[in-house]
Amino acid sequence: MERKSYVFGNWKMHKTAKEAKDFLSIFCPFVKEISPASLVGIAPAFTTLSACCESIKEMDSSIWLGAQNVHQDSSGAFTGEVSLPMLQEFHVNFVLLGHSECRHIFHEEDATIALKVGAAARSGVVPVLCIGETLEARENGTTKEVLSNQLMLGLAQLPETAPVIIAYEPVWAIGTGKVASTADVQEVHAFCREVLSRIFSKEKSEIISILYGGSVKADNAEGFARCPDVDGLLVGGASLDPQGFANVLRNFNL
């Protein structure tokens, strides 16, 4: 089975419902025009999921709708949290889990992330497990150890046959303008695939898509597309502008 290609936009805490609808009114036609090989998705804020779901349906778009996080329980006394059944009301296809901002700002731990990965997979929502090393780990030469641990612990609750997507985002490259070289990214992605083969099997590791994120822009997207183990992109700031995101998508699919 051939690995699928994905280009996802993570909007973080940006865009009101109106702004999201305005974005999609411009971006969806771009996607139809480009007709990319990659599956395209956006992960907006929870408060705009309804508007995005409505717009995607109205425009008969193939764009996937994602969420930026989720609680592992289906309901309960968890103030401020959102459950998988709530996301499924808006036909959410994927959910980002373990993003570095959740790990480092909100102190999410691997064990909790693993529960979320398992819950999402069992609910039919594709978990996108985000992994990445800090600048300190990179400078100390412990990148592979950090990533290996994040993969093994984060995937501990994933059902054996469930789909999963991995997103490698070096923390030192997120929103900093610093971009890892294509050679470095390819080396890390190949290593991650090797770890996945140990966790699951060689066969399963070959069908798991691994995305790259970290200051991805239109002018570097084509370079990442040439890396054999880079199966897509997780785009931050560059996904907030419809033309800019379309350019990333176009260049990655040249």
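Using the three backbone atoms N, Cα and C, a Cβ is placed for every residue, glycine included.
Taken verbatim from Swiss-Prot:
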ACT_SITE  His99  active site, electrophile
ACT_SITE  Glu169  active site, proton acceptor
BINDING   Asn10, Trp11, Lys12, Gly175, Ser215, Gly236, Gly237  substrate binding site
Most Cβ neighbours inside 10 Å, all chains, among the binding-site residues Asn10, Ser215:
Asn10
I need the neighbours of the substrate site defined by Asn10, Trp11, Lys12, Gly175, Ser215, Gly236, Gly237. Which other residues of that chain put their C-beta within 8 angstroms of the C-beta centroid, in sequence order?
Ile174, Val235, Ala238, Ser239, Leu240
What is the Cβ neighbour count of Trp11 (substrate binding site) at a 10 Å cut-off, with all protein chains included?
22
Return the count of C-beta atoms lying within 10 angstroms of the C-beta of Gly175 (substrate binding site), excluding that atom itself.
12
If I take the alpha carbons of the residue listed as 'active site, proton acceptor' and Trp11 (substrate binding site), what is the distance between them in whole Å?
15
His99 (active site, electrophile) has how many other Cβ neighbours within 10 Å of its own Cβ?
27
Test of understanding: give the count of other CB atoms lying within 10 angstroms of the CB of Gly236 (substrate binding site).
20
Under 8 Å by Cβ from Lys12 (substrate binding site), counting only residues of that chain that are 6 or more apart:
Ala45, Gln68, Glu101, Gly236
Gly175 (substrate binding site) - helix vs strand vs coil (DSSP):
coil
Counting only residues 6+ apart in the same chain, whose Cβ is under 8 Å from the Cβ of Gly237 (substrate binding site)?
Gly175
Validating a neighbour-count step here. Other CB atoms within 10 A of the CB of Glu169 (active site, proton acceptor): how many?
25
